[in-house]
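**Student:** I am attaching a structure below and will ask some questions about it afterwards.
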Amino acid sequence: MAYTWRALLLLALAFLGSSMAERDCRVSSFKVKENFDKNRYSGTWYAMAKKDPEGLFLQDNVVAQFTVDENGQMSATAKGRVRLFNNWDVCADMIGSFTDTEDPAKFKMKYWGVASFLQKGNDDHWVVDTDYDTYALHYSCRELNEDGTCADSYSFVFSRDPKGLPPEAQKIVRQRQIDLCLDRKYRVIVHNGFCS
């Protein structure tokens with residue numbers, strides 16, 4: 001009898017623990033990098049993995065260059081392979097300008113392609129986490145559901161090294177992907193020199 005009570009108690013505790021561990025997937029609950037320093041963030045970043053949004057998007061060989069001008073304004077250029085009409089691969093150049101918000105890690109990013117067939121828009125650009133020297137995790141939600149979760153998002157895992165992230169950085173990034181409710185939603189980005 002005592003065994004049955006212990007088993008029921010453990011089952012109840014497990015149920016309580018699992019319900020308390022449910023994630024809050026509302027975009028407003030997502031944390032970003034505290035005390036973000038865009039000057040330290042500037043420089044070259046290689047995209048190692050990405051979660052795609054709806055529509056045409058850079059496929060692979062994605063390299064981004066962030067700069068901060070003398071007035072503190074951040075801008076970026078990115079290059080990567082895009083597949084058009086399901087069979088035509090081209091290297092696309094993208095340009096972005098950033099508007100600061102109250103949170104130093106949250107920006108509005110106006111972007112456009114150098115070629116007219118590329119997308120343009122004005123998306124959120126959040127730096128979720130970075131150590132500035134090894135890894136960075138970017139997130140953008142283009143459209144919210146009524147419940148505050150994201151209907152159309154994209155995200156990049158960046159590395160300063162084109163060969164990838166060290167294991168300790170991979171562990172941090174994986175946890176932050178879970179925090180964004182995007183675990184197992186990313187695909188690896190190859191860097192094979194297509195746009196070199």
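Keep in mind that glycine also has a Cβ here, set from the backbone N, Cα and C atoms.
This is the feature table in Swiss-Prot:
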BINDING   Gln119  substrate binding site
DISULFID  Cys25-Cys181  disulfide bond
DISULFID  Cys91-Cys195  disulfide bond
DISULFID  Cys141-Cys150  disulfide bond
SIGNAL    1-21  signal peptide
**Student:** For Cys150 (disulfide bond) and Cys195 (disulfide bond), what Cα-Cα distance in Å is obtained after rounding to a whole number?
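**Tutor:** Cα of Cys150 (disulfide bond) to Cα of Cys195 (disulfide bond) measures 32 Å after rounding.
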**Student:** Would you please pick out, from the disulfide-bonded residues Cys91, Cys141, the one with the fewest other Cβ atoms within 10 Å of its Cβ?
**Tutor:** Cys91
**Student:** Hey, how far is Gln119 (substrate binding site) from Cys91 (disulfide bond), Cα to Cα, in Å?
**Tutor:** 14
**Student:** Including all protein chains shown, what's the count of other C-beta atoms within 10 A of the C-beta of Cys195 (disulfide bond)?
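**Tutor:** So the Cβ neighbour count for Cys195 (disulfide bond) comes to 19.
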**Student:** Do me a favour and check the Cα-Cα span between Cys195 (disulfide bond) and Cys25 (disulfide bond); whole Å is fine.
**Tutor:** 36
**Student:** Measuring Cα to Cα, how many Å separate Cys181 (disulfide bond) from Cys141 (disulfide bond)?
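**Tutor:** Just about 12 Å between their Cα atoms.
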